[in-house]
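Enquirer: Heads up, here are the entries from TrEMBL:
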type: DOMAIN; residues: 47-295; note: domain 'G-protein coupled receptors family 1 profile'
type: TRANSMEM; residues: 32-54; note: transmembrane segment
type: TRANSMEM; residues: 66-84; note: transmembrane segment
type: TRANSMEM; residues: 104-125; note: transmembrane segment
type: TRANSMEM; residues: 145-169; note: transmembrane segment
type: TRANSMEM; residues: 204-231; note: transmembrane segment
type: TRANSMEM; residues: 243-266; note: transmembrane segment
type: TRANSMEM; residues: 278-297; note: transmembrane segment
Amino acid sequence: MKATEGPEPGNYTLMTEFVLSGLSNHPKLEHMLFGIFCLIYTITIIGNLLIFMATVHPTLHMPMYVFLRVLSFLDVSLASTVVPKMLVNFLSEDRSISYMGCATQLYCLIFLAATEWYLLAAMAYDRYMAICNPLRYAITMNSRVCLSLVLLSCFSGKVVSVVQTAWVFTLPFCGLKKLNYFFCDIPPLLTLSCTDTSSYEKQIITATVLVIFTPFFLILVSYACIISSILKISSAEGRLKTFSTCSSHLIVVTLYCGSGTLIYLRPKASYSQDTKKFLPLIYTTITPMLNPLIYSLRNKDVKDILTRMMAELMNK
């Protein structure tokens, strides 16, 4: 770090790098954690790759599987933004990350997480059209509409990530350069700022409400209509079968909304250090690993394709 001029000489510094404290403060746990998260990352890569390959199959050409394919790509990218650096830090004494590296990681993290959240809203709309308007589904949810929803999700995620990253890295940082976190995120970066961040925290809360609760509201409206349609089905078996097509999506939505809300609605909340680090693990490592399991185990078409692929692989 190099000192720069400020109101009180020596108080302000030009950050050239940050130091990540890591996931645990107990060195004896580092190798065990390395093994655990290496396994989680491997399962994430393999699981999402299988889902991606299965949804490319010609028989799975419905919009739901197009969205699922994009979701798998986003999951792998999101996990790859955080986990490799975390694994290296488990085995290394040098846990520094450059200023630009930190900004890049934050930008990618927000972009991928926000895009995935908007995509989940698009998937809810797809389920609404499939269940509530089945006769118009094929016409309404055509390939052009699917592509537009994916691109809109990506564009929305990009806008959010550019604005949030730019605002965070225009703040002056001073004093200690150690982030008590395992990756670069908004809450720990705020603690290093030299200025009063109360106004910025209000901005984060506003952005969180817009980014999380706007899609969440659309998801709730979609599922209110879906549940209303399901209740009109006469047979219990029919109701259960129809609802099962939505249950996987609801599980993922709950995991994302819960963890994101707790982290960003209270960026300087007085959670314990373990809690502060556990919550982001849900959407950066746990959910990307669980998504393939959730969607494959609860989707008969995906299970059939994966079983067929495995059988063909074994016969070669």
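Placement of Cβ uses the backbone N, Cα and C atoms for every residue, glycine included.
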Enquirer: How about the transmembrane segment (32-54) and the transmembrane segment (145-169): do they have 3 or more C-beta pairs under 8 A, pairs 6 or more apart in sequence?
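Expert: Answer no: the transmembrane segment (32-54) and the transmembrane segment (145-169) share fewer than 3 Cβ pairs below 8 Å.
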Enquirer: Counting only residues 6+ away from its ends, which parts of the chain sit with a Cβ under 8 Å from the transmembrane segment (145-169)?
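Expert: For the transmembrane segment (145-169), the sequence-distant neighbours (Cβ-Cβ under 8 Å, at least 6 residues beyond its ends) are 63, 66-67, 70, 103, 106-108, 110-119, 121-122, 125, 186, 189-190, 200, 203-204, 207, 211.
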Enquirer: Using a Cβ distance cut-off of under 8 Å, indicate which of 66-84, 104-125, 204-231 has the most pairs with the transmembrane segment (278-297).
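Expert: The stretch I would name here is 66-84.
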Enquirer: Could you give the residue numbers and ranges of same-chain residues that sit at least 6 residues beyond the transmembrane segment (204-231) on either side and whose C-beta is under 8 angstroms from one of its C-beta atoms?
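Expert: Counting only partners 6 or more residues beyond its ends, the transmembrane segment (204-231) has Cβ contacts under 8 Å with 114, 117-118, 120-121, 124-125, 127-128, 131-132, 160, 163-164, 186, 239, 242-243, 246, 250, 253, 257, 260-261, 264-265, 267.
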Enquirer: Return the average pLDDT for the domain 'G-protein coupled receptors family 1 profile' (47-295) as a whole number.
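Expert: The predicted confidence over the domain 'G-protein coupled receptors family 1 profile' (47-295), as a mean pLDDT, is 84.
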